[in-house]
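The active site feature in Swiss-Prot is assigned to ASP80, ASP82, ASP162; the stated evidence is sequence analysis. The region 'Disordered' feature in Swiss-Prot is assigned to 429-465. For 448-459, the entry in Swiss-Prot reads compositional bias 'Basic residues'.
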Amino acid sequence: MFTRVANFCRKVLSREESEAEQAVARPQVTVIPREQHAISRKDISENALKVMYRLNKAGYEAWLVGGGVRDLLLGKKPKDFDVTTNATPEQVRKLFRNCRLVGRRFRLAHVMFGPEIIEVATFRGHHEGNVSDRTTSQRGQNGMLLRDNIFGSIEEDAQRRDFTINSLYYSVADFTVRDYVGGMKDLKDGVIRLIGNPETRYREDPVRMLRAVRFAAKLGMRISPETAEPIPRLATLLNDIPPARLFEESLKLLQAGYGYETYKLLCEYHLFQPLFPTITRYFTENGDSPMERIIEQVLKNTDTRIHNDMRVNPAFLFAAMFWYPLLETAQKIAQESGLTYHDAFALAMNDVLDEACRSLAIPKRLTTLTRDIWQLQLRMSRRQGKRAWKLLEHPKFRAAYDLLALRAEVERNAELQRLVKWWGEFQVSAPPDQKGMLNELDEEPSPRRRTRRPRKRAPRREGTA
């Protein structure tokens, strides 16, 4: 009898403590009325509005959230619009025939309107660590969230988001913006601030470190000291992230129009090494090697092209970034094996790309294009006969020419600069003039051929048959 009374009292006390903790943890909400913010429905995607109106009509809450709200408040055009609701993914799917559920780690509903996808997420809740939660919530030994499908309230959802500036909620029901974490103030002050304990949040998802840097570069903001402090010592946690996810993140970092500024921040916070270990081995103390100069220049050029609404290709970016590690590797293989430089170059391409893909799962369609651009570099100097015309017809000639021009610029090499000038004139000349340019090449004295020593037999490489 005494035991039963004691258990009853223990349950009552624990319930009261839990309710008290929740009351303390419950954030104070700031409601910003329509006349005090700049968001207008005319700036929101019609499809996002349709999704929110239908959810509201069905009796659910629906809020615009995340980067879309942030960008609208900053007067920028959002790239996409995300919606959050108290409806579960299955309930969302019942409301929209054009909906599919995606994700195991984070269960989401994608409502598709042709090429536009409106992402709908259910309010996330806190992790209590109950046994019954293991099917919906799971952590790795290092604290990383392997599964996060515990649903909760909008107040809990605000606390579960990454940065304060991304935790602002806009309602089409009353046109207000709700702020539970001080996001409006940080937005005005230009501060990137993580919600909650930074080290815990980074361990939950190490990609948040990359996102902090990306937002700082993209928005021209500064990272708050408490948010920045753990990043350098936790940077190696990125090694636990699947390479496919890191590849997608690398494109967001370097091909979104702010690649050069992002690159500088990645290096400052020691985040570049987990993404590109092959490249960081060749960094110099003064940062003025040809490799470092070509990375800076290709990122600046990429940013300019994006801001001018011109196309960019990751294959060209990777071809430029990995060019000098490729040359070093090819030279080393040639010296150690006695292979011709052409054969050593081919093996070096495999080695460099294999190592790159261990960190970033670069798709084969891109590595194939990167190889083409590299191989054409060896052919650009051989222009006699029909070679120049054949090279001009290659689908990757223009990309190869652009890399040649970049090399000439960063190496300050007079011979490369003359070659760039020749190809620049040749590709825009009329056929008769092109023939004249080739005839002039034939009249130039050919370099004296050196007598070659007999080639050593190449040792058998590991892993080859």
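For all residues, glycine too, the Cβ spot is worked out from N, Cα and C.
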Least Cβ-crowded entry, counting other Cβ within 10 Å, from the active-site residues listed as ASP80, ASP82, ASP162: ASP80
Alpha-carbon spacing, ASP82 (active site) to ASP162 (active site), which is rounded to whole Å: 15
Secondary structure of ASP82 (active site) (DSSP, helix/strand/coil): strand
Cα separation, ASP162 (active site) to ASP80 (active site) (Å, whole number): 18
Where ASP162 (active site) falls in three-state DSSP terms: coil
